[in-house]
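Enquirer: Pasting in a structure now, in structure tokens, and then I'll have a few things to ask.
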Amino acid sequence: MLIIESVLLLRQHIRRLRQEGKRIALVPTMGNLHDGHMKLVDEAKASADVVVVSIFVNPMQFDRADDLARYPRTLQDDCEKLNKRHVDFVFAPTPAEVYPQGTEGQTYVDVPGLSTMLEGASRPGHFRGVSTIVSKLFNLVQPDVACFGEKDFQQLALIRKMVADMGYDIEIIGVPIVRAKDGLALSSRNGYLTADQRKIAPGLYKVLSAVAEKLAAGDRQLDEIIAIAEQELNEKGFRADDIQIRDADTLLELTDASQRAVILMAAWLGQARLIDNQIVTLGQ
């Protein structure tokens, strides 16, 4: 496994791989890797000849400086995990390598609508930062396929739209959520939880599943369903942040024509903002 820190060296290797006709897969990450990331890597390995994993804590997608400062950086551990998975390349640049002129005045990619709705409404600039860095990685790595987790449902939808709108010839693979045995969705931010909070954390998935059962049974009293879910979260020790029930295919409000819904749930538990989602076929 080769660890690359410079754009120049990355381009040299990508040029060689292209000349050799290799099929390239990209797995973009911010590091602090867990089994959910390894699932992305496994999917990438099954889909291509060469796997490139990027590890970059992207300052453009953080709306709070304190959140950026405390985001875990575990490059050595991450590389050991990736080496065991027989990843070919790790691209781990510094912010100065990615943004030589700094982020102020940086050309950016914005996906209208999807960038500012739902999660984007509470995190201004976040999705613009995501689409900009992913677009930049696509240009540098020139992958045939890229793998993203379905846990970040809105992010995946945004990237699919960006790829379609910008004409990228890249297959986007969404990889299902990986959960701990107690149901908690794996996330780098779970590391912010204390031992006691970790015991409470699976309650998010339980509330999510209860909402899914109601929708599958044909209940369409969305305001009431959401109010009950918020109350249940707060009673369990969470601070409910945002619960949305949207059309799984458009992320717009449900209509009579909607066949599948996605439940998007976010709640604070101590210093950790936990997110989860579930797709459900709507009952009649």
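Cβ atoms are placed via backbone N, Cα and C, with glycine included.
These came from Swiss-Prot, pasted as-is:
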type	residues	note
ACT_SITE	His37	active site, proton donor
BINDING	30-37, 149-152, Val178, 186-189	ATP binding site
BINDING	Gln61	beta-alanine binding site
BINDING	Gln61, Gln155	(R)-pantoate binding site
Enquirer: Of Glu150, Gln155, Val178, which binding-site residues come within 10 Å of His37 (active site, proton donor), going by C-alpha to C-alpha distance?
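Expert: Within 10 Å Cα-Cα: Val178.
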Enquirer: Which residues in the same chain, at least 6 apart in sequence, have a Cβ under 8 Å from the Cβ of Glu150 (ATP binding site)?
Expert: Leu156, Gly174, Val175, Pro176, Ile177, Asn277
Enquirer: Within 10 Å of the Cβ of His37 (active site, proton donor), how many other Cβ atoms can be counted across all chains shown?
Expert: 26
Enquirer: Specify the count of other C-beta atoms within 10 Å of the C-beta of Ser188 (ATP binding site).
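Expert: Ser188 (ATP binding site): 18 neighbouring Cβ atoms within 10 Å.
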Enquirer: Write down the Cα-Cα distance for Met30 (ATP binding site) and Gln61 (beta-alanine binding site), rounded and given in Å.
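Expert: Approximately 11 Å lies between the Cα of Gln61 (beta-alanine binding site) and that of Met30 (ATP binding site).
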Enquirer: Between Ser188 (ATP binding site) and Gln155 ((R)-pantoate binding site), how far is it from one CA atom to the other, in Å?
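Expert: Computed Cα spacing between Ser188 (ATP binding site) and Gln155 ((R)-pantoate binding site) is 16 Å.
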